[in-house]
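Here is what TrEMBL says about this protein:
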{"type": "DOMAIN", "residues": "1-108", "note": "domain 'C2'"}
{"type": "DOMAIN", "residues": "254-374", "note": "domain 'C2'"}
{"type": "DOMAIN", "residues": "413-537", "note": "domain 'C2'"}
{"type": "DOMAIN", "residues": "578-706", "note": "domain 'C2'"}
{"type": "TRANSMEM", "residues": "806-824", "note": "transmembrane segment"}
{"type": "TRANSMEM", "residues": "836-866", "note": "transmembrane segment"}
{"type": "TRANSMEM", "residues": "950-979", "note": "transmembrane segment"}
Amino acid sequence: MAQYKLGVEVVGAHDLMPKDGHGSASACVELQFDGQKFRTGVKERDLNPVWNELFYFAISDPFNLPNMHLEASIYNNNKELHSRSFLGKVRIAGTSFVPLSDAVVMHYPLEKRGLFSRVKGELGLKVFLTNDPSIKASNPLPAMDPLSNQPPGNPNAVPLVHEHKSQARHTFHSIPKEVHHHNYHPQNNPLPPGPINDQAPPFVQYAADPMKAQPVPPRIVRMYSSASSQQPPEYALKETNPFLGGGQVVGGRVIRADKPASTYDLVEQMQYLFVRVVKAKDLPAMDVSGSLDPFVEVRVGNYRGKTRHFEKKQNPEWNEVFAFSRDRMQTSVLEVVVKDKDLVKDDFVGIVRFDLNDVPTRVPPDSPLAPEWYRLVDKKGDKAKGELMLAVWMGTQADEAFPDAWHSDAAAPADTTVIGAHIRSKVYHAPRLWYVRVNIIEAQDIIMHDKTRFPDVYVKALIGNQFMRTRTSQARPNPFWNEDLMFVAAEPFEDHLILSVEDRVGPNKDEILGRVIIPLASIERRADDRIIHGRWFNLEKPVAIDVDQMKKDKFATRLHIRVCLDGGYHVLDESTHYSSDLRPTAKQLWKPSIGLLELGILGAEGLHPMKTREGKGTSDTYCVAKYGHKWVRTRTIIDSLGPKFNEQYTWEVYDPATVLTVGVFDNCQIGDRGKEGNGNNRDAKVGKVRIRLSTLETGRVYTHRYPLLVLHPSGVKKMGELHLAIRFSSTSLINMLYQYSRPLLPKMHYVRPLTVMQLDLLRHQAVQIVAARLGRMEPPLRREVVEYMSDVDAHLWSMRRSKANFFRLMSVFSGLFAVGRWFADVCAWRNPITTVLVHVLFLMLVCFPELILPTVFLYMFLIGLWNYRYRPRYPPHMNTKISHAEAVHPDELDEEFDTFPTSKSAELVRMRYDRLRSVAGRIQTVVGDIATQGERIQALLSWRDPRATAIFVLFCLVAAVALYVTPLQVLVAISGIYVMRHPRFRHRLPSAPVNFFRRLPARTDSML
């Protein structure tokens, strides 16, 4: 395997600080990485120097690359005084290094070296990784005078490595960007001899690629996790620097453009041609019967959009908007054609043509463009009968007409079968959910048909598809329960609470004794734990009975219940680990928002084909984002594996400990598959991204490409990358910091807590209600989408998740284990100097115990300061190493994707059951050992072993007297010195206290 090398191309600097006393500077760049140092040539008296010099560093340990840093320092060389002054530095983390194919020139702002340093300007570098065996690492800089950077006699030469003593050593020159590719060989491409000017060659272009008519591509930086959770580079996060509406994003800062910033400043501005077809009048009759079925066809090149048609109407009104992407337009003429709908062939009525060069541009918040009447003409250009009211303008996605418009990038060039309702972008608001608490107290005057037996009476409660029941009671005639039943209901309340009293007369045979129907809208609401007064409800017979029988029954059966809508809880409709909203249901308990979350969905790249169309793999992609009650859905981009959405959305933030979820899906409701399935096809999931707001810095713009990692039965698979721009803005820093002292959930979760079983059941019901409500909207947000975004199956058993959680637990305790091993080495005197210092520190803390807590907190403070420079600069993302998704067994994946209940064969289920028994057996052994140690502690004073208890009691008496007369500090010092005694004074056998404790009895003898 070829050794990895780090390539660094020093391009140039801009706007440096003058330091030579004459308003200029003679600058050179010094690079340091992995113990190696290189230096460029000196550019005399130039505040905007250009070097174009290339270096290669040898990487000693590629696995330690995320912990390395590249440091580039700029110095001003003063030949007269033989000194140099600091002009600034750039420090680039190893997590930012990318392959050569992804590397671009980036201009980094110069940083200070100290508090009183004065620096300004930028340094242009191109940093990349390569493992090309033909490229050798540069020779490191020898120990020499810092000013002897150029060979004497040729002051204009710009060598990258200034040693020319041996022909075997490489000599690097200024290389044009066109010849800098992955297979570049310095020896095979020598430059003509002679001096090289200080100025850059005229054919070297760094501003733009001559083969592309677009801005400089953004910098892509791979974000690696810590060494303990390192995963393959293709699964890592990539930082980008796109040109957005507010300017270019570099390092989380927005560099403002010359033009004014748009309100959509987190997405790339996309130009669209908007055509609003309002109505027509005085259209001619085309059929023999004198009728007309008009519709309008808008044509821009190969793209065609059609309005709906009207039956027999000569003055139709459409009021539909069409949006054509300007980047895809290959013509300068817009044609708006009025046609007559016919079974065989649509008839031509008239046409209106526009020159796109004359179309006006509208920039919000300008008022909408007023539509105009245009006279229709025939195919020859002569006037035809009828007029058409249109409005045509150029705009961006910030236009108010954009969300409801028909989009050319959401349909194939000649596609007329696309269902518009399934491709438009929409914003959804999930219904407000309530917990319904039903306290079944008692019933009176139960009338039994069979009075010779004891009844088994219970109450069944039903709300929509949810039903619960109380335990059975055999009391007659007034059964008593006093049980709480919890349900989930959504506003507006469409279902009713149905309570029925039933008697179990036999196996699987129940008889309804009476029921009552209570509208949910009439139920009392509460926001705290105040007592709700009970109410008596008369039960009604479920079927009609004889009137004479009703007269004989003097007393009607009654049911005593307390029922209320609990608004003090937060109804969990998603996994508790990924909650996006923690507010209670009752609005009067809501606190003011603490910030604003802005999300720009830029696009996706490298998507895996999800379907086949016309013999090639393709995908019809849309995104869904969820935060709080607000769900958003982008428009569907048809036939594209690299869709560009460029849609921006905002949410109010009430708690930083929440999670934003963005999912990518393939639309299966359009085209041939949509017709075959009649709307029953399930949209395929491509992947999702979770971003926790508490990990974001306020005010910073995060632009990254997130890998879409999905676990399939065949293993983990990367389905593509999702490009997002995120900004979390704080309206009040004090309120945000105050949130960290508040309980995570509302007060009712602690005053009257719900059990884990209740929360799981209620969460499942809440997801089903939300999915049903969002599925009724237009366009519908399908059930599989809501369930995938809400992690509805996160509670199901998975061997892979169990192993992942175990290794997470071991990682948490790894620090304690490391401290234990270190202390064992101290006690074993592995390093006598360290052991002596620990003894001294221990005696100091014993003599001055008041220094213990200050020392601990000061130590943690210093650790926090030290870790600040290594703080994460990017949001966390899904990690295959932590998820234990790389080394998982195929059978474990097959078990994870199995349905519930299982659909596998009996032999396979038996094998998995045996495997689960073996795992549970090991867990059972560990739990039993822990219980044994606890029972031995209890046995010290229980006299279960009379001799052991007598010894321990006598020891306690002696210890009490000794501790009374001996200062505590002396006792602690003696104990510490005894524990850390030299191995010469130790025995290999266990100590007497340990032997005594292990001999104590436990209850294992009493177990069957």
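Glycine too: its Cβ is placed from the backbone N, Cα and C atoms.
TrEMBL labels come from automatic prediction, so no person has curated them.
With a threshold of 8 Å between CB atoms, the same-chain residues lying at least 6 positions outside the transmembrane segment (950-979) that come near it are 827, 839, 842-843, 846-847, 849, 940-941, 996.
Residues 826, 969, 972-973, 976-977, 980 of the same chain sit 6 or more residues outside the transmembrane segment (836-866) yet have a Cβ under 8 Å from a Cβ within it. Broken down by DSSP into helix, strand and coil, the domain 'C2' (578-706) contains 14 helix, 63 strand, 52 coil.
DSSP places the residues of the domain 'C2' (1-108) in helix, strand and coil in these numbers: 12 helix, 56 strand, 40 coil.
Applying DSSP to the domain 'C2' (413-537) sorts its residues as follows: 6 helix, 66 strand, 53 coil.
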